[in-house]
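Here the structure is laid out as structure tokens; the discussion comes afterwards.
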């Protein structure tokens, strides 16, 4: 990931805080700050499909985040001091989680459509749609995954031995 050309050229990067069953992102987040890039993480709104990408000030900032009912760390709802990526300069790159992927760039998420609706909002930003990379285990690569017309294909899937 760290040697990937898209990562190297990106300045504003959104990345998920990994759950135990996902590719671990902690070292990538540390590198984002080490390289002087800006790091944004998701804040999901429950009972909706709305998600914002809020700026982290440092890797250590993660320890100040609240744990949601889904066991995900994220900025609290009343945290209005953080920059939202689309309210500012947009994003260059989004690292995405998922349950399954196919080689056509389709992604099976957890069913709420958070990333798809966020990418739709990105397309309306002057900066346009950021490059998207899914981080996966090779066991998550399938022949095909179910898609709807609202699903936005991802640009690239990174997994071991790909």
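Residue 1 is the first one shown; counting continues down the chain.
Cβ atoms here come from the backbone N, Cα and C positions, even for glycine.
Copied from TrEMBL, the annotated features are:
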- 17, 22: substrate binding site (BINDING)
- 107, 108, 109, 110, 111, 112, 113, 114, 115: ATP binding site (BINDING)
Output field, ATP shell: CB within 8 Å of site CB centroid, site 107, 108, 109, 110, 111, 112, 113, 114, 115 dropped: 98, 116
Inter-residue Cα distance where the pair is residue 113 (ATP binding site) and residue 17 (substrate binding site), in Å: 17
Entry from the binding-site residues list 109, 111 having the most other CB atoms no farther than 10 A: 109
Residue 113 (ATP binding site): tally of other CB atoms within 10 A of its CB: 18
Neighbourhood of residue 22 (substrate binding site) by C-beta distance under 8 A, where only residues 6 or more apart in the same chain count: 16, 97, 135
Cβ-Cβ neighbours of residue 115 (ATP binding site) (radius 10 Å): 25
Neighbour tally for residue 17 (substrate binding site), based on other Cβ positions within 10 Å of its Cβ: 18
Under 8 Å by Cβ from residue 107 (ATP binding site), counting only residues of that chain that are 6 or more apart: 96, 98, 100, 101, 115, 134, 145, 151, 153, 154
